[in-house]
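Written out below as structure tokens is the structure these notes cover.
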Amino acid sequence: MDFGSINPVLLVASVMVSATPILLAAIGETVVERSGVLNLGVEGMMITGAVVGFAVAVNTGDPASGFAAAALASAVLSLTFGVLTQIFLSNQVATGLGLTLVGLGLSSLIGKPYEGMKSPTLPKLDLGPLSDLPVVGRMLFSHDIMVYLALGIVALVWMFLKFTRAGLILRAAGENHDAAHALGYHVVRVRLMAIFFGGACAGLGGAYLSLVRVPQWTEGMTAGAGWIALAIVVFASWRPWRVLVGAYLFGGVTVLQLNLQAAGADVPVALLSASPYLVTILVLVIISARGAHAAPGSLGRPFHASQ
Amino acid sequence: MIALEKRPQPSRGWLVAAPLLAVVLTMLVGGAMFAALGVDPVEAIRTIFWDPLFNPQFASYSRPQLLVKAGPLILIAIGLSLGFRAGIWNIGAEGQYIMGAICGAGAGLAFYPSESLLIFPLMALAGALGGWAWAMIPALFKTRFGTNEILVSLMLVYVAESILASVSSGLLRNPEGMGFPGSRNLAQWDAAANRELLANTGMHWGVVAAFVSVILAYVLMSRHVLGFNIRLSGDAPRAARFAGVRPARIIIFCLGTAGALAGLAGLFEVAGPAGQISIDFNSGYGFTAIIVAFLGRLHPVGILLAGLLMALTYIGGELAQLMLGVPGASIQLFQGMLLFFLLGVDVFTNYRLRLGRREVA
Amino acid sequence: MGHHLLSLRGLTKAYPGVVANDDVSFDVAEGEIHALLGENGAGKSTLVKAIYGLVTPDAGEMEFAGRRFAPAEPSDARRAGVAMVFQHFSLFNALSVAENVALGMETPPRTRDLARRIRDVSEEYGLPLDPYRTVGTLSAGERQRVEIVRCLLQEPRLLIMDEPTSVLTPQEVEILFATLRQLREEGRSILYISHKLDEIRALCDTATILRLGRRVATCTPAERSSRELAEMMVGASFATPEPRGAAPGEIALEVAGLSLPAPGAFGTPLREVGFDLRKGEVLGIGGVAGNGQDELLAALSGERPAPRGTIWLSGRDISRLGPMARRDSGLLSGPEERLGHAAAPEMSLTENAVLTAARRERLVRGGFIDWDAAERFARRIVDRFDVRTPGTDTAARALSGGNLQKYVIGREILQRPEVLVVNQPTWGVDAAAAAAIRQALLDLAAKGTAILVISQDLDELMQISDRFAALNEGRLSPARPVAELTLERIGLMMGGAHDMEVAHAEA
């Protein structure tokens, strides 16, 4: 075994990269769940984003258009979930599962011709003197723009929920939709917008996988990242900054196990490759055992404005 | 503006009509999708839904396949439906299916090359136990700590896949396989093979188990107090506790049964149609069974029919892939759409449309 | 009193199967407290929702301050100067007082300014509040203050109050009335919805009475007797329960030192609850909502096991037994929430009969349900308690509140309990059905059953109980014979005055 081959600077740098897709998906889902909707279709939206982003980037040669198209495609897909659950009042759990299955099917259909291709990838940002700083420069300040954009979205979501009136209304809808309705707020409209935003974020996360992290298209490439994002929202007790912590922790586990595999650590490969999922289970169990529940009051409950 | 208005009672007519309408809508939209892919939609729909059963050229091969594919789907979906009725969302049947196959195959291979008659029953028992044990993990976490069973059961699918990859190139690898991953072929070992019971029907022990499970589930849900308690827990958890139902027992029973049935399905598959443990042994039955359960309205007889229909889309899909060059993934999408449309039209079971003035929504 | 502030002309609103409001017209003058009086289901709520913009009327017109008034949504109404205090459904437990207030305002100021204004206004009207507290931790009375302060901050010209006193102790009611009179002095109008006649006669200048969606009369309540108002409201005189003469027998249920932690973040712990209940006796337990009523019922029904040695049924310790074993030994119960707790909404009446009567009525044999027997039992309940339903295969949620309540109470009564515990047995039920339920409880007591009635309706408790105790923050006061009680003493008991014994001794 050779731990010397693991470079801590590169390790931190790659944690930031590997956490970004999950961070994006999880922060979007946080907003969705704070509005009172449980969308279990994150995996399906991510993989749709991954394939659409990849296809558009390959065809246009421009990764930025890829990201934009991915966000749009996943957001539109999430609206099918929104319409079904919010207007047709279908069961959110079943519909979310359906969304995942549809997304997986749709993505492999779209992605077939793109298997084995290479896409243009995002350039690393040159942050001038910051990037030139010793150690820290390579660790924190020489990533592509999406890494920072993801952090920016977390900050914006935090400010939105905490300081803006729209954020207050969104939380109100999630906390008690009957009361929000009685005060005259448009619960369904608020939730549809939240679902749309969540879809766009999941799409960006998926596209980051196929355009930067891997970077190529393979069927089923999200490999449960969307589900892990859902777990991180629970782990974070629905708070944006804790989502960041959760995503980076998870990114850390992923990178570490890959590094250990590469370093030929004396641990069964199956255990290493299952470790991100095992860690997620462990975290979920610890969180629930501590009994720290801060779930929005109306989460997952259907809302119908009757009389 | 159109408004939805809750029906005092679920509509019996829509309960039956909704799945049929969903199938029709899926055919329409699926047809449009095929047209977009440059395939004649009528031809495609016919190839998927008609040819496997009635085209003399294919039917002799396809018809038996119907039961082969429907068996595991029905067996898993029956198990899942119990939990779904109780509001327990086990979506990790794929993992329980894999673990059942591994445990069942492992138990059998431990006695290779014995020709004892006890081997196959032992494998079935081990398969059921394997699936059961895998499902007990989310069940115990949920009853003990209140951990979300959706996420835990799903995470365990990926863990099971890792184990599958590991054992098929390690513990269970065929020592005479010249280093290739994959176990011995169980279908070629008489004591362990899950044979076709009636020639050219596709009927094997797994299909028998599926039919038996349909009957037992029907009796359980409609006549037995346990089935009543399961439905009660799903409809009104507080009322269930008030009635004296212990939620933990329902969780353990539902998840355990689902796991055992999924494990059995995995064992019957590995000992029959698949033949061996290999890295790509699992083919998504555990997920498709979720669609089957919903499409069958979580009702045993409905699940039986839905399982057959879904099996048909698998076979027809393969045929369409072969004959028309339709991408294989389009069938997966087709199945997902079916679930989506069903969930959508389901609104009419509990609500009716009313044209009227709009109120603040 | 000045001009009309609000005028309604011919307001009509129909829902499928019901006409909620049928050609309703009346006026609210500036600076008056106007009562809207009617039974449950008379159409009061729909009417005020129309005024508040939550419901669009099918026909009719409204005028507010001399202008045509047709609010499309609540913000329109709020801008025009209408504010509303809801009976329930309008606070957010997990949000702070200030956030809750901000949600009810059109253009809330910045949080810090808002907090200051909340303090100012709440003190001005004698309703002290901490703007940074989480609403879920407040008492029912404090929560109502949040709603009132939220309205007052918008300087409304018309304040609508929906059944505001149902969650208050008599003392808190006095404070509220003082606030409302102060608002009237300032020239604001109040539309006051209630079915409590004494309150209306004490507070309101004018009363409009609704029955079955129609306006029956508009009058000056102080000039009418409660009896007259009641008859206008109900449309007929109805039977009041007959008093009983039977002397209570031996102790059937004894609870001693029962303490249980709060079940959730916003629940109430039970603290050293103790009482005894004799055969043939009705013990009434009053108290403001959220003081441990649900928790007490759950502890007695067996949904939450209690510490050993705290609950005794005819001398046997049943503290650790679950609901089924308690039913087997004769302790039956009826929770407050009909849909979802006492009955499963999507299940039929027959299935709901199995819910609690499976063993006592032998509806289950060898694990299998005898559906014919279950149907017969359901039919007996329907016939005996005059439950209006198309049949026993109707889903529970399709029944009206009163009918379902008769069904779930009837289901327990027909199982001949030794001890029956009910929580809010007539909540949200029309007067005739309520009278029928109370009479059925008294009849059962006359046959020797010990009955515990938990209720927030003091009139009901005074009518049917032999003894009365009050829950306050999970503590139960000592029980007193009803004959000895005055309204003031009841108020003290509900407010948690622990020197009751002393006060009693001095009196």
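Cβ from N, Cα, C; glycine included.
Unlike curated entries, TrEMBL annotations are predicted automatically.
Your range for transmembrane segment, going by TrEMBL and the list B:68-88, B:299-319, is B:68-88. Feature transmembrane segment, per TrEMBL, maps to range B:150-172 of the set B:12-34, B:150-172.
Contact check: the transmembrane segment (B:118-141) against the transmembrane segment (B:250-271) gives at least three Cβ pairs closer than 8 Å, residues 6 or more apart, which meets the contact criterion.
B:95-112 is the stretch from B:68-88, B:95-112, B:203-221, B:250-271, B:329-348 with the greatest number of Cβ pairs below 8 Å to the transmembrane segment (B:150-172).
Taking pairs at least six residues apart, the transmembrane segment (B:203-221) and the transmembrane segment (B:250-271) share three or more Cβ pairs below 8 Å and count as touching. Beyond its flanks by at least six residues, the transmembrane segment (B:68-88) meets 97, 142, 149, 202, 204, 206-207, 209-211, 213-214, 217, 220-221, 230-231, 233-234, 237, 250-251, 253-255, 257-262, 264-266, 268-269, 272-273, 285-286, 288-290, 292-294, 296, 298-300, 303-304, 306-308, 310-311, 314-315 of its own chain at Cβ-Cβ distances under 8 Å.
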